[in-house]
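As recorded in Swiss-Prot:
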- Asn407: N-linked glycosylation site (CARBOHYD)
- Asn435: N-linked glycosylation site (CARBOHYD)
- 438-529: domain 'Fibronectin type-III 2' (DOMAIN)
- Ser570: phosphoserine (MOD_RES)
- Tyr575: phosphotyrosine (MOD_RES)
- Ser579: phosphoserine (MOD_RES)
- Tyr588: phosphotyrosine (MOD_RES)
- Tyr594: phosphotyrosine (MOD_RES)
- 606-906: region 'Mediates interaction with ARHGEF16 and ELMO2' (REGION)
- Tyr628: phosphotyrosine (MOD_RES)
- Thr647: phosphothreonine (MOD_RES)
- Tyr735: phosphotyrosine (MOD_RES)
- Tyr772: phosphotyrosine (MOD_RES)
- Ser869: phosphoserine (MOD_RES)
- Ser897: phosphoserine (MOD_RES)
- Ser901: phosphoserine (MOD_RES)
Amino acid sequence: MELQAARACFALLWGCALAAAAAAQGKEVVLLDFAAAGGELGWLTHPYGKGWDLMQNIMNDMPIYMYSVCNVMSGDQDNWLRTNWVYRGEAERIFIELKFTVRDCNSFPGGASSCKETFNLYYAESDLDYGTNFQKRLFTKIDTIAPDEITVSSDFEARHVKLNVEERSVGPLTRKGFYLAFQDIGACVALLSVRVYYKKCPELLQGLAHFPETIAGSDAPSLATVAGTCVDHAVVPPGGEEPRMHCAVDGEWLVPIGQCLCQAGYEKVEDACQACSPGFFKFEASESPCLECPEHTLPSPEGATSCECEEGFFRAPQDPASMPCTRPPSAPHYLTAVGMGAKVELRWTPPQDSGGREDIVYSVTCEQCWPESGECGPCEASVRYSEPPHGLTRTSVTVSDLEPHMNYTFTVEARNGVSGLVTSRSFRTASVSINQTEPPKVRLEGRSTTSLSVSWSIPPPQQSRVWKYEVTYRKKGDSNSYNVRRTEGFSVTLDDLAPDTTYLVQVQALTQEGQGAGSKVHEFQTLSPEGSGNLAVIGGVAVGVVLLLVLAGVGFFIHRRRKNQRARQSPEDVYFSKSEQLKPLKTYVDPHTYEDPNQAVLKFTTEIHPSCVTRQKVIGAGEFGEVYKGMLKTSSGKKEVPVAIKTLKAGYTEKQRVDFLGEAGIMGQFSHHNIIRLEGVISKYKPMMIITEYMENGALDKFLREKDGEFSVLQLVGMLRGIAAGMKYLANMNYVHRDLAARNILVNSNLVCKVSDFGLSRVLEDDPEATYTTSGGKIPIRWTAPEAISYRKFTSASDVWSFGIVMWEVMTYGERPYWELSNHEVMKAINDGFRLPTPMDCPSAIYQLMMQCWQQERARRPKFADIVSILDKLIRAPDSLKTLADFDPRVSIRLPSTSGSEGVPFRTVSEWLESIKMQQYTEHFMAAGYTAIEKVVQMTNDDIKRIGVRLPGHQKRIAYSLLGLKDQVNTVGIPI
């Protein structure tokens, strides 16, 4: 009776917890639902009439059914409950959800020694329905079902039954149908719900691709690849991948690959491609919306891929379809020709109508006419231009070597990118008459061993315009020196010449208008005296001896002077006593040496009016204030260029103002392709601003972290070469940067790297208390050479050390040098001889160069000129970059890839992925079934690719980290 009461009590209390089931992910297709059948299924019990029993209860005026069994007082129970035959259909893997309660064995008298608290779940596949024919041997055990919670006596008293929900899956199934069976071996169980279903990945529209409803696969670790179909008017972009997604076993879509884009003439509207409206166009398959037809185009029809130009307007072949149609420019404005002796200077102003383009160039042609005959012809071959006469961008040119008494006509044509599409020309002409004298006709009148007498003549009509003649002469073969004599007559004697020597002589008339045409260059030779052969030998020997004595004296003087200089230098200065100091290079001038910093700003920078500058958005914050992206009007006012704008914050101190202007005074002295370019300053208005060129990709360290693994080794070495070239330029100007790091390198859209940030304070040189402090914060210990940290000795050699750290940052895609070590630990490690290990996939030659930069003795480090030369050789011979340096992932990936903060293995996969900065792949690992560290350490390289890690750099980072992870797991004894 007590057992019957227990079963009845279960029937009354089971519904209190039934509503706790969670919705399954994906789409579920139900094959069997006991609770929904309302007791009409009529399952088979064995033995019949014993064990399992169908019970009914009324709850909320609705009948509720369950199968229960509670033969706990009798031993050797073997009670079976079998479902009806279930048709499998298209299912490959089925999921079985059970809701049940189990009573605590201790709630029965004497503890019921034969009582159990579990039951077994079985299944059997078959192609036929066997009806009531029940054979145990056909069934295969799925699992022993144990409750998470059991119902104890106090739960009965409180009318609270603890409901358990368990789910199991079976697959792959191959027969037409199947049975489920439940075996009781002596428990008090109430089976409230049995739901059997399989999962599908639902129909999906994503990335303009349609993915059909797909049955989830039967193999849990694998993902079923499903090809998508582009929607109407969408295509796979050239070079792109066909759209694919992966259907996981739980019915979830994972790992999307590829995409579709709306074709030319169509734009994306929600999940479809819609034709461009009239007046709009789209010229290629892309994610961009349709664009409005630009200026000077005709209205386009619906779905247009381009907009036709209006009559008289054109589009050059290289012009994008989004650019307005343009036309050839008008003629140059205000052409003038000013004669200056045998030269003419042509000047003009730009066309009043540029045609809507900025690529205006000019061509100059010349025609000469003889006054006597009136004949004219081209004269390009006989005149000389100050620069090539075609493709000029300036608005002036000088034409020389013009002939006297000749009329010249010069034509200046303006052209732009569409001028070649029309036959008409836009030009202006100017004529000028040359009244310059004819070249003098020179002849030799006499000569001796030490002199030459020459005379000349010009036509009588021109003699009245000449006020003097200029005679230029020099030894043949000597291009370094010459002599000039001026005279009012028509002859001259050149004295004090060397015997038996050939001289080059030219005569030129000087008029009020300037120099006239020069005569031909004549060769005249002095006479050889008697015995000139012996004298020449003796003279040559004497001259040679004298020269040797002079050179010896000069060499001795230089040696003594250098020796004295070295004696005055400290041992640390040996590096700077190289010959490069003797080169006549431009030298950097420290703006802080000026009593008034405004003087340095005026000398080295360009003042810009605030009206020429527009601030658009904040892109960062510097030491002195905010940094903006903005636009700067060019001097012509017709064009704007993007710039970066540093501002001086309100409430600045006088020292901050001096430092702010000092940085501008430094930048203004530099002009190099790999140094950030200063456009100008605003120092006369508030807020004060420093305007530099705009670098689209920002700081190098952040850029590399965002593009991890996307560049080839050759591209990375090219970036390093650019940085080294900029530093070579600074070193040649005797400028020491002191803060060279990837964060202070800016990258433009063409991947050109430029050195920036010249604001590091000078306090280090003057204040012995400021060992680790600048006006902007701490000294960058991780990038700074040991001698600079210890003795505040900043030199070009310490910049070379910093460049080695930058090389390491670039090759590791922006990793933090020395990882999480403290500054004190970094300094100690360096002094103990530790150097950063080789990065992953780093060429041996590059790592060797890093190690040279990190020589403890700074005199042994290479100069930047040497570094540029080495990198140039590597770039010219890419095969030399294929030999990789030895790589130990246990040292080189120092991110905590094998242990957590307490030195123990990671508890979760997501925690491990986050530690190696690969957390973006967490869902990929989870979807593929790698939910625990024990499973992850068994992965192969193919497994990493299969879950959707596509970038080679990311694949290697994960693979190398797994090596260390396996070692750690094996060390602590976690079973795998």
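Each Cβ is built from the backbone N, Cα and C atoms, and glycine gets one as well.
The structure, with features from Swiss-Prot marked on it.
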{"residue": "Asn407", "record": "N-linked glycosylation site", "Cβ contacts under 8 Å, 6 or more apart": "Gln368, Cys369, Trp370, Pro371, Ser431, Val432, Ser433, Ile434"}
{"residue": "Tyr588", "record": "phosphotyrosine", "Cβ contacts under 8 Å, 6 or more apart": "Ile666, Gln669, Leu730, Met733, Asn734, Tyr735"}
{"residue": "Tyr594", "record": "phosphotyrosine", "Cβ contacts under 8 Å, 6 or more apart": "Ala600, Gly665"}
{"residue": "Tyr628", "record": "phosphotyrosine", "Cβ contacts under 8 Å, 6 or more apart": "Arg615, Gln616, Lys617, Val618, Ile619, Ala644, Ile645, Thr647"}
{"residue": "Ser869", "record": "phosphoserine", "Cβ contacts under 8 Å, 6 or more apart": "none"}
Tyr588 (phosphotyrosine) in three-state DSSP notation: coil
Other C-beta atoms that fall within 10 angstroms of the C-beta of Tyr735 (phosphotyrosine): 21
CB contacts for Thr647 (phosphothreonine) [other CB atoms within 10 A, all chains]: 21
Three-state secondary structure, Ser869 (phosphoserine) (per DSSP): helix
Secondary structure composition of the domain 'Fibronectin type-III 2' (438-529) [DSSP: H/G/I, E/B, coil]: 4 helix, 51 strand, 37 coil
Mapped DSSP class for Tyr735 (phosphotyrosine), helix or strand or coil: coil
